[in-house]
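Quick look at what TrEMBL lists:
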BINDING   Val88, Thr92, Val223  FAD binding site
DOMAIN    86-109  domain 'Glucose-methanol-choline oxidoreductase N-terminal'
DOMAIN    258-272  domain 'Glucose-methanol-choline oxidoreductase N-terminal'
Amino acid sequence: MACVSAEAFDYIVLGAGSAGCAVAARLAENGRHTVALIEAGPRDHAFWIRPPLGYPMLYTDPLVNWMFETEPEPELQNRRMYQPRGKVLGGTSSINGMLYIRGQKEDYDLWRQMGCTGWSYDDVLPFFRKAEDQQRGADEWHGAGGPLKVSDQPGRSPIAEAIVDAAVEAGVPRNPDFNGPQQEGTGFFQTTTGNNRRWNTAQAYLRTLKPGPNLHVITNAHVTRIAFERRRASGVHVLEHGKPRHIAARREIVVSGGAFGTPHMLQLSGIGPAKHVRQMGIEPVLDQPHVGAHLLDHFYASLMFRCTEAITINELANSRVRQAIAGAQYVLSKKGPLANNGIFAGIFTRTDPSQDRPNLQVNTNIWTVESRTSAGMKAHPFPGFTMSPVLLNPHNEGTVRLRSPDPLADPEIRQNFLTDRRDIDAMIAGIRIVRDVAAQPALARYNAGELDATAAAVSDAEIEEMLRERAIANLHPVGTCRMGGSDDDPLDPRLRMRGVEGLRVADTSVMPSLVRGNTNAPAIMIGEKCAAMMLEDAA
């Protein structure tokens, strides 16, 4: 990667996150095109980015985290949902929990049915495989030799083993690969790690892939707006270390700011609902009411249990001595408790038999927390583990709008959770499924009982009230600049912005519907596919 000297590039990618790093590196890979990759945050040198268990330390670190919050959620007792997003090379792939989950085959086939030609599962599978360096080796479903390392965790908690056994006792089939022929079942998560360290997209695409000197990475550069000439995206205005700078694009600009950042950048640039843009004092370039609309996200509630044995992460979190030992062990050998992310096992199942495919994901954590807010996370002073039912197909839609015309101001985010009765009923069923698993004999050795904060919620009405008090966002926002086959959709299936030229989007905002699983792997796939389409169009 070279130092920046030129002020014009063939391509400009705005946002060096999960998709942005993939787009930029693949565009630069063949050496024929110059590419500028612009990131608002710093390089990914923070120590806690490396160890898999370091992400709780990044959860409230403003140096690498946008630390967004939603507006008060009316159906959640006017609580604000904390939305950490990566502000660093690698984006949220640098601060997330690293689970490698693609979603379900049917998710992508649905995209095709919604008019997204070229986005069926058979169409996108080659790009998942192209990105992947699967520890287990290549097969029909997985790739080897790609830039993104995907690995089994180096150790398994006995609690996680017991949870999987308990799920089987509750009637859930074992599944050795959630990203294989089918997602449904219970088993152990793989993570985007290699050699017991986080493998973010900066590591994967900017260092492992080594795209060459024609890729120019510009950090600490906040995009203020995209410039247009005769409805063609011609360049970007940024504040680099607080100083204004203009960078021109000869061919195309790709916006990869994520489901919050992308509509925010577009609206600041005059692309969005014209009335709203004008209210902010910005001259509209393109009246596109769907930019910033259709925000979707998974949400969940955590059931926490006391553990009968001191074999959880709570003991580490509450002991400076244990932390020092674990830190030294990781630095010296890349082993010990910091070498795992603490999220070992999971379940994908259906909340009721009428569901045609899994609509519930259960994540298990080998810790419990007294609180989890933008102020940080605090572990309980006793051993514990957590089982969290996550609703995979919520029906609510939210919005992302400008809070002010100031490009440094956070976007205004409204998620509108629990506004649909179907979601409430599904989550009530999910709570009961988790309790059924927790009550199985396989977990009896470790389960000392559900904590009082949720245990008192027994009836449907009590569980609903508990959800309104405790449910939170699962941090998988999508859909705010969706692609589709209709002229009303902001993007066409090649991720080009309709109504202007020279502008594409590549990140989770393009998803026309929410995939049923974590969104980092799909975001990387979107970046891979976007770059491939751009290179085809440039040929």
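Just so you know, glycine gets a Cβ as well, placed from its N, Cα and C.
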### Message
If we skip the immediate neighbours and take only residues 6+ beyond the ends of the domain 'Glucose-methanol-choline oxidoreductase N-terminal' (258-272), which ones have a Cβ under 8 Å from one of its Cβ atoms?
### Response
14-15, 17, 66, 68, 83, 85, 91-92, 223-228, 280, 282-286, 288-289, 291-292, 295, 400-402, 405, 407, 411, 413, 477-481, 497, 500, 505, 507-509
## Note on the structure
Cβ atoms other than its own within 10 Å of the Cβ of Val223 (FAD binding site), all chains, total 25
#### Entry: Per-state residue totals over the domain 'Glucose-methanol-choline oxidoreductase N-terminal' (86-109) - DSSP helix, strand, coil
9 helix, 2 strand, 13 coil
## Note on the structure
Across every protein chain in view, the count of C-beta atoms other than its own within 10 A of the C-beta of Val88 (FAD binding site) is 29
#### Entry: Cβ packing number for Thr92 (FAD binding site), 10 Å threshold
26
### Query
Mean pLDDT, the domain 'Glucose-methanol-choline oxidoreductase N-terminal' (258-272)?
99
### Task
List nothing but the largest Cα to Cα distance in Å, as a whole number, among the residues Val88, Thr92, Val223 that the record says bind FAD.
18
### Task
For the domain 'Glucose-methanol-choline oxidoreductase N-terminal' (258-272), jot down how many residues DSSP puts in helix, in strand and in coil.
11 helix, 2 strand, 2 coil
### Query
Quick one: what's DSSP say for Val223 (FAD binding site), helix, strand or coil?
strand
